[in-house]
Structures are given as C-alpha cells and as structure tokens.
Amino acid sequence: MGTVAIIGGGPAGYVAAITAARLGEQVTLIESQQLGGTCLNEGCIPTKALLESAETYAKVKQAAAFGITVASEGVTVNWPGVQQYKNKVMSKLVLGVTYLMKKNKVQVIKGKATFLTDNRLQVKQPDGEQELIADRMIIATGSQPAELPFAPFDGQWVIDSSQAMSLPAIPTSLLIIGGGVIGCEFASIYSRLGTKVTIVEMAEQILPGEDRDIADLLAGQLSAAGVTIYTGTALSRLDNAAKAAVLQTNSGMVELRAEQVLVAIGRKPRVNELGLERIGVQYSARGIEVNGQMQTTVPHIYACGDVIGGIQLAHVAFHEGEVAARNACGQKKTAAYHAVPRCIYTAPEIASVGLTETQARAKHGDVRIGEFPFSANGKALILDEPVGKVKVIVEPKFHEIVGLSVVGPRATELIGQAALMLHAEMTTDALENGMAAHPTLSEALLEAVHNATGQAIHG
Amino acid sequence: MAAEVIMPKLGMSMVEGTVLRWRKQVGEQIAKGEVVVEISSEKIEMEVEASADGKLLAITVAEGEAVPYGTVLGYIGQDGEKIEAAPAAVAEPAKEQAATPPVTSEQATPATSAPAARGSHVKISPVAKKMAEEAGLSLDSLTGTGPQGRITKEDVEKALENRAAVAGEPPASGAGAPSAAGADALFDPGAVESSQVVGMRKVIAARMLDSLRQSAQLTMTAKADVTELLLWQQQLASELQKRQEGKLTLTDFIARAVVLSLKKHKQMNSAYLTDGAEARIETYGHVHLGIAVALEKGLVVPVIRYAERLSLLDLSKALKALSERARSQQLTGEEMKGSTFTISNLGQFGVEYFTPILNPPETGILGVGAVEAVPVYRGEELQRRSLLPLSLTFDHRVLDGAPAAQFLAGVKESLENPYSLLL
C-alpha cells in the first residue's frame, strides 16, 4: 500500500480517488471548492436543470396542442424557484460524491495545492497551510472559461458560463459570443424563458465540429424560437458604458445592444499556480502533456480530465480518471476514445458518436449514409416533436457503423444505443434482425441503420 | 521457437489460476530468471520467471483472467520469431496436453485441464470477424486485447500489419484466402475442374474437421494373427453352403470381436458430450455398431443396433443387409444415427495401417487393413502366418492409453482364438 494524492475533486479527480482507494491505496483528495467540479457545480448538472425548467415552461405553453387548456396569464416563470430547483439537484449530487469519498475512505482536504517538490504538496487553506507527502500524484484541476483579451469578464455585464446560470433575473436580452456547445445550450435556455438572444460565431456555421446538415437543423429551430444568429462574424469591440457590441460581419459592421454578454469561446486548462515548472511536468496553454496511460513527463505524476486538454467532457474525464488511477497503482491501462458520445442539450437535442460524415469521407472514402426523419416516427409525433433525424454513417468495406448522429427529441438518451454499437464494433449486417420496441423513438435508429443497407420499411 | 510463459500448477488441488499482474509489457527485454508475471491460485500467490532471455512478444492472458494450469500466458523470444511463433504456439498447448499421457497417478483429469480450444466460441467483434475472414486469418491465431480477451478491430489490424511486415506485402492488400491458382504465376495446374462443395461432401467435410478440432484423438496399432481364423472361415463356408446360408466375411468376424471386446471394456463404448462449458462422459450399456461403407458420393455409416444381442451369424446377416441397402441408397436417416462405436475397413484396397477419424461424439473407431501373409517365428520355427493390421483411434479425453490398449488387445485375442467368437 502506498499513498496517492489527487488534486481536484471533479469528475476526473473523484473517479481517480475511488479507483485508487479500491485498489488498496491510501488516498488524499484536495479540492479548493465543492466536490464535483465544474460538472456538478457550474456545468453539466446546473445547466441541464435550468434547461428542464425552460423545457417545462415551453411544454406548458404548448399544452393546447395536446388538448389541454391553460390560461396563458397563469403560466409564468418563477426565477427564484427555478434557481432553487437547480440548487437542490446540485447539492444532492454533491452530497452523493461526499458520501462516496467517505465510503471509500478517501481523505478530503479543502484547499489549494501547489507542488513544492515532485512528491510534496503545499495546501493553502482558509485558516493556514499544510504540507502533504505522497508517493504518486494525480493532477485533475480541470478547466475554466476562456476570456477575450480585449473584453475580460467583469462579472456584471460580461459574464462567463458559471455566472450565466445564476443570474439575479432573466435578462431581457443576451448576446452570446461563441456558437459552440455552451453558447447554443444557453441560447436554448434563455430564448425559451423569453430573453431576446443573439449568437455570434466566427465560423461559417454554429457547432463548428459537427456536420453542416446537423448544425443547420438546430440553427433553423433556434431562429424559429426567435434567436438571431450571426455566423462568419467576429466581435470587434465591446463598449461597457453604452452596453453595446460592435460586430464585424461579412456585410459590414453591426452594432448591438444587450443587457448581458456571455462569452462562451471555450475553456482553458487550469495549469497555472500549480508549480509545474518547478518539478518538470511539461505543459502548454493547451494542457498538461500526458501519454496514453495519463502519465506526465514526470513518471509518478499523472494528469487527467480537462487539464490535459483533448475532449473536455465529464464522461471522458471519468474514463481518464480511472485510467490514471489504475496506472498510478501499477496496473496498465490505456485510454480509449473511439466511442465517446457528444451531447448538446439544445431544443432539439443533438447527440453524436464516432466520426462525422466529413471525417468518415476523409477516412473511408465513399461511405454509406442512412437517414431516418422523426417526422415518420410515431412516438415523435405523439410528443409533437417531429423535427430532426437520425443519421448513421457506414464504412463501405465491412459495413461497420463508424458514426451516428441524432437531432431531435431525447437525442442525448438515444445516443447511448449508438455508443454501444460503436463500442461493440457493430456492422449493419449484425443488426439485420434487430428489433426496436414500438412505438418508441429508438425505432428511428434501427430504421436509419437499415436505410444504410436499403432495408428501411417506414422511410 | 519462442519460449512459453505457462500457468504453473500450485499444489495438487489447483484447477485454475488467475493472472494478477504483468510485471513486463509486450516488447520489454527480459533476462532468464526475471519475474514476468504474478499469478495466484485460490490459496497462494506466486511469481513466474522467464525460462529464456528475450523480449516479451505477446501476452495471451490478460490481467484478472483465470485459466487452467498449463495454459500459455505469453511468449518470450526474439523479434524475428514474433509472427511464426506466436500464432502457431497458441494452438499448441491443447494438442500437447492431450497427447501426452499423464505421468503421475494423482493426475486427475487431463481433459479439464487442457485449455479450451477457441473454435466457434471466440469472443470477437462483428467487424473484426469480417476483417479476419476476408484476410484469411484464422481466429485462433489472433490475440484479443478487448474486455475479457475479446478480439477487436485493432487486434486484427495489428495482426495484418505483422503479417504484411513478414511477407513484405502492403497491409491493405487483404486478398482473402487465395485460391491456389492466381496467387502464383509459376503455378500451372493444367485443366482445373472446380466443383462447389455441396450435399454429402459438405456434411462429411464439416463433421470430419469438427471431429479433429474438438476431440483429442490418437491412433494405436496392432497386428492380429488370423491364420487360424481364415482356416476356420473356409471350413465354415462349406458347412454354410450346405445349409444354404451366405458366407461369413472377415468383417463379420471382426465386428463380432469388437462387440465382445466392447462388452468387456465398456469405457470404449462411450461418448464425450459438451454442453456449453459443461462436459460429461456417457458410457453405454448397448452396443450400436457403425460400419463405414464407401459409396461413390462419399462415406456412409449405417448402424447395427443392439449388436451385443446378435450371434456371429445374425451379425453377418445384419451387416450384409445394411451394406446392400447402403449401396442401393435405400438407407434411411434413422439407420445412420446413434452408433456407439465404428468400424472402417480399407483392407480391400491393400491399405495396411491408417489413422481413422472419430465419428463424433464416439470415443473409438477401429480401422481394418489388408491381411498379409508373412513369415513369422513361432518359437524357433519360421511359419507362414496371415496378419491383420488393426488401427484404433480413440479420444484421449475419455480414456488413457492403457485401457485403450486393453480394448485393442481384446479384439486381437478374439480374432486369434476364433472359437471365442461363437460364445
């Protein structure tokens, strides 16, 4: 038995702690704030709670379509109530992580850690300092919102994503800089709560990483919900006094006023103030350098999660945390990234796994595409959410399913089936006699797969 | 040949051991005597040392997996050996274990300790399977690195790369299992007649391959001195002619001798049956004797039921009737099922000894060759004797060499003392 110190109690850190503890190590976890990291406290969980409120509000307003009459003046958003609900979910989950630490006998220290040497940490606490010695270390300090050099966060008008989920009131207008996942999710939340939302994206489409047809479907729905989208547009300056932004579009300058500006241009790894340069751990602005076993350039120091850059998703951090801990405990395990689901909680939801069509064409040439629209799916019509489709990408030689995207109702739940298909290295013929229950949204997945081989019945 | 790292047997009662931790990784240099892997039985943990210098070429059993003792866990050798040694050796331990008779008497069950052949129960992803089939890679030659040793796409890609590196061909050219023609410009086969494998040929092909893959068969041979028997056969012939009965053939006598020996050595009148991971040996009270009959289209094995109840004469009649029905293709499916032991006679073609293949799930098959007249010393005197070559193939999973030899000796003894065939 040895000692392992873990810096950071987010998804990568707490999973690493549990894994190492179960492998018989004596584990100490250092966290400067609440356990659970960005995911539980200012990311995945609170945004999805807000989204659920926005969704419920939209659904109630839509009640007439289902034959339910609701007096329109009776439907209002109780913002403090929304915040309360969100906080309740968060604190339950934080308690859950706290319980897991106790159950696995992980010692949790509150404070900020800095490396003194490669096996000594200094932990600054509100009421003093302490030193910690460990045989092996795992760095899981996560990431924080990146800011614009010419318009730093001021916490009042220019805000980051964590502030955007705890605003004192619903803003009348919101300018979102960055049309990536975070920007689009906030657009979906606030536009449905009545805010006039504008998205500004430098690339030629929103969601620059995803296929154009998928991004266009979302852009159409956001526009229909009253969101203004500027693509191929740069923010040239912000005027704090006038609360105005000047945009450089393809067709000239545009000036916009907004009550609040959310900068969502990405997240940067927290690599500073750790004293990494002192101990020889290689890193750059893109993150700490690691190999497939999550080992840094100092052999007994590992790093995982957002702090190593790469795919900044909680479930990737879970996986990396486990890999880092196993290797730190003397086992050998390599991180595997080939079936990582990517979820975007917008309205409609978007979820993908594997290659996009563009990537698949570059890698496999003439791929087969199978699509199935939710407008032909019984359950989607019952939900009154017929917008969207399933798109499956099949490699031409062995008919392996190499990518799958879903835009539409419950896409983020449906993608689980696709992640299994990719994880199992499924081929379309292996699914030939597969069955989906009727009526379900899941039918659309199998239909799209069968469509790729020309066997869809309803499409 | 690469050296094997083997799961040792720790104590009498150990059936299987678990790989705890690989101390070396694939590609790492190892000196003889260095610890390669840590293993444990239910009771003890132990370090396994390298039996040779070299690199760790492959790990065939992942950490956390439990395997029977004797299983190959990995290979140590030089870089060049990588391709040749690893796949060939993977299939080998099963063969070796089965063919080597147990040395110590406390050795309980060689059958359960032999690593299970992978065969049709290979864990492999759908796409990996298609890739391997297309490239003509045997699944047994692949090492799975996925969960529980599942073979993944990456594993197949690696195997193809290795093969390409050895053959000097580009990895993408997976041309499938090449037909002999076309692969080699120097190969000039003349007129090629190609016919699709269908029907009876296909069934025989599948059954025979299955038999060889799924049982531990070996053949032992003996000569029976049938000089007296042949004399006796002639005497009987004239007697039978008077009674207007058909002649007794040598096969009739052999069939009777086999039945008598099976009654004495019941272990041979049995079958090894598997049901998933479970296996059992069934030993039968009745003898249902299969007789291999060659037809133009292929081999059939009609069955003489309750052969132990038939006298020599009745056995002979039953045999004649069945062979005739077989030649005129009147056999029903029922008449070719349920045998417990089989006789195959190639004597008419001048064959001496051969290695018959078991008719699964049976435990034994007796091959009969051509009688040959040879000078034999009987005491100090040279005599002309007629010798009959016998080849017994049996399943070593069911019984060992000694009891099988006793059965064969029983057949030989009856044939050499023909009056016993009447009892």
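Including glycine, each Cβ sits where the backbone N, Cα and C put it.
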Residue among A:E201, A:E204, A:E210, A:E289 sharing the NAD(+) site, where TrEMBL lists A:G178, A:G179, A:G180, A:V181, A:I182, A:G183, A:C184, A:E185, A:G266 as binders:
A:E201
Same-site FAD binder from A:D306, A:D366, A:D384, A:D429, given that TrEMBL records A:K48, A:T141, A:G142, A:S143:
A:D306
Disulfide-bonded cysteine for A:C44 as listed in TrEMBL, from A:C39, A:C304:
A:C39
Alpha-carbon spacing, A:H438 (active site, proton acceptor) to A:C184 (NAD(+) binding site), which is rounded to whole Å:
32
Using A:D306 (FAD binding site) as the reference point, find which of the recorded positions A:C39, A:C44, A:G178, A:G180, A:C184 has the shortest Cα-to-Cα distance to it.
A:C39
For the recorded NAD(+) site formed by A:G178, A:G179, A:G180, A:V181, A:I182, A:G183, A:C184, A:E185, A:E201, A:G266, which further same-chain residues have Cβ atoms within 8 Å of the site's Cβ center?
A:I176, A:I199, A:I206, A:L207, A:A264, A:I265
Within a 10 Å radius around the Cβ, which one of these recorded positions has the most neighbouring Cβ atoms: A:C39, A:C44, A:I182, A:C184?
A:C184
What mean pLDDT does the predicted model reach across the domain 'FAD/NAD(P)-binding' (A:3-321)?
95
Using DSSP, how many residues in the domain 'Pyridine nucleotide-disulphide oxidoreductase dimerisation' (A:340-448) fall into helix, strand and coil?
38 helix, 31 strand, 40 coil
How long is the line from the C-alpha of A:I182 (NAD(+) binding site) to the C-alpha of A:K48 (FAD binding site), rounded to the nearest angstrom?
11
Return the residues near A:E201 (NAD(+) binding site), defined as same-chain residues 6+ apart in sequence whose C-beta is under 8 angstroms from its C-beta, sorted by sequence, else 'none'.
A:G178, A:G179, A:G180, A:G183, A:P208, A:I229, A:Y230, A:T231, A:G232, A:T233
Ranking the binding-site residues A:G142, A:G180 by other Cβ atoms within 10 Å, which is at the bottom?
A:G180
